[in-house]
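*Asks:* Have a look at this one before I ask anything.
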Amino acid sequence: MVMEKWERFVDSLPSMDLMRSEKMSLVQLIIPAETAHRAISYLGELGVLQFRDLNADKSPFQRTFVNQVKRCGEMSRKLRFFRDQVNKAGLLSSALPVLEPDVELEELEVQLAEYENDLIEMNSNGEKLQQTYNELFEFKMVLQKAVGFLVSSNGHAVEDERELNDSVFLNNSYEDSASLLEQELRSAPSNQSGLRFIAGIIPRAKVMRFERMLFRATRGNMLFNQAPADEEIMDPVSTEMVEKTVFVVFFSGEQARTKILKICEAFGANCYPVPEDVTKQRQLTKEVFSRLSELESTLDVGNRHRNQTLASIGFRLTKWMNLVRREKAVYDTLNMLNFDVTKKCLVGEGWCPISARSQIQEALQRATFDSSSQVGIIFHVMDTLESPPTYFRTNRFTNAFQEIVDAYGVARYQEANPAVYTVVTFPFLFAVMFGDWGHGICLLLGALLLIARESKLSNQRLGSFMEMLFGGRYVLLLMSIFSIYCGLIYNEFFSVPFHIFGGSAYKCRDPSCSDAQTVGLIKYQDPYPFGVDPSWRGSRSELPFLNSLKMKMSILLGVVQMNLGIILSYFNARFFGSSIDIRFQFVPQMIFLNCLFGYLSLLIIIKWCNGSQADLYHVMIYMFLSPTDDLGENELFWGQRPLQIVLLLFALIAVPWMLFPKPFILKKVHSERFQGRTYGILHNAEIDLDAEPDSARGHHEDFNFSEVFVHQMIHSIEFVLGAVSNTASYLRLWALSLAHSELSTVFYEKVLLLAWGYDNIVVRLVGLAVFAFATAFILLMMETLSAFLHALRLHWVEFQNKFYFGDGYKFRPFSFASLTDDDD
């Protein structure tokens, strides 16, 4: 009778949007071929339908629209090439699509091919001209520097430099730039005797090794002169700006010339012809300057034309990339559909929220009208036993909390969503470990900064750490607010207590307060109105008091949250109509947990209320070892010993209650169903464990009693042992809170106060800098991360394992809004 009233009360409660996932339905679309592209495009804009791949057995190259996908992929490659060229030129592409008439995909394909060919040709010509310009610029530097090394004398004939005839044109592209010298050098035969020289230029980093190699190769029979270039020169091969040195090597003999030229080639040195005759030097220098001037003009004109082309492309690049990305997504989706036998229409299936059916039908009707099709699109709902995808409607605030839950596992379809409670419990448990209202204010300022710049940061590409921090800005906001609250309860501001809510309830025994550390304080007025009395700080009983307070508080919070998890398992069983889970899982679990640790929580509260000195460790240990013994001074209330015996008996009864009835009842129901006495599918979470997300749940006839019994036994043992270990696990709240408080105290007393004890301003500034660094990087970063991970553990393991299966799969609709640059 009580159970029926409770069920009626539960049914009368209003439904929550985030408590259960959206109700889904499997729908089938039969789309005429001429309407298919437009219909899929409209559905992509709507973004509420997840298509199933009906061609999963086919490779990508066997699908219908593989050619269109290849074309879109090729256009994406060209657009990425354009983007790289625009960025390399230092131009900014338009972030927003320009308002221009829509362009067809075929027309865009032709435009992109023309632009690509033009850019490739301009890049090729520009690279050739730039290489020629770089070589001429190096030649100019060689002419300017090498002249000082060349000293004319009667012993050196003018023909000496003609020995370089073969080395002048090591770079083939340079033949047109020294036509005058070429004529002069080739007008007379080479002289194989006398002093010769080779002039060139080499990167400055290689000069020492280059000179040493020349000396060894010629056995010292050479003279090496060098002079640094006046400015950095772009290397003709690597196109990098490098510091170079001009050199002139004097030598004698054909064999030495051959060795030197090979060494120059090995070290990447560029050799250039320098005539010894002054007249020819002037003529050659004039010709080089003339060619440089012409090339500068040509390069300037070419760069302007190239930049104009890239600016025109960049102005429309975003629109083109969005168009190609959408078209590729449309054809990828069309490849998931099947052609019917007549090849005149496409058949598709997919999941959609029930609430979105009307929107889908309107979009399909609009696609039929815009395509001027004679045949409409058929849309109907299919019956299925498959497990639908899980879809929660979230906003900017709840999305981060939902992601925390989904990181553990996506909720099974329609099961209770832990994110509803995580919104409050996660930041609160974090704050219990991080409680300091000074540190909480620092976190609050950071969270408010991220929220204030939300619109700007959401449109930027952030790093992995910054993106994670920005995504959890509202989690950080709640964590900081709860940290301030818990910090006020602990009365800690960077570990310093303040008399915020009035005066202390304690005072010293003598006026000098010199015995506060040894004798202690005496109470003279009502308790401090909110939080921990500031007089506890620095007293001899500070650590025992705070340890006792935080340890007992951790146990209370843990028992409350575990009870919440078990209660949610009741709502799950009630929702799925599984009375077996309610009677033989929920009830014994509540009895077992609360007969032991619920009773412990009751003792903690009673001890706080009456100020008893009872040892709760002794009470709980001897409740199991000697339940009939007299409690003595550990007795907190009348009738405690018989109550403990009753609670212990209930806890012992709850274990076989969880273990044995459920498997035998399932076996009986299964056998009766197949003997014709009972019909219909048995809706039970344990039986459904065999069902995969993408397969029909038609495995109920394969009932294996031993497997069900073993699973139930594992589940029961796990809960019994977990009740103990999970309760102990919540003591991390106490440990982390104590560690955070003591670290703050150490940094404050041993760094800041110690430095402030000196009269030297430098020591004070250093101490303040070390304190600020330790606070920012250890207490605000490392401790925040540590408390975050421990709060995550408490939710994933201690809380969610009481009711949460987490074996579902996400609803991923086909939506243009979810497309990213990676989809190119």
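The backbone N, Cα and C atoms fix where each Cβ goes, glycine too.
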*Asks:* Per TrEMBL, which of 105-132, 161-188, 301-328 is coiled coil?
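*Replies:* Among 105-132, 161-188, 301-328, the range TrEMBL annotates as coiled coil is 105-132.
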*Asks:* Which range wins on Cβ pairs under 8 Å with the transmembrane segment (428-451): 472-490, 553-571, 591-608, 643-660, 761-782?
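*Replies:* By the under-8 Å Cβ criterion, the transmembrane segment (428-451) pairs most with 472-490.
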*Asks:* Other than its close neighbours in sequence, what residues sit by the coiled coil (105-132), given a CB gap under 8 Å and a spacing of at least six beyond its ends?
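*Replies:* Same-chain contacts beyond the flanks: 71-72, 75, 78-79, 81-82, 85, 173-174, 177, 234, 236, 239, 295, 298-299, 302-303, 305-306, 309-310, 313, 320, 323-324, 327.
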*Asks:* Any idea what the model's mean pLDDT is for the coiled coil (105-132)?
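*Replies:* The average pLDDT of the model in the coiled coil (105-132) works out to 90.
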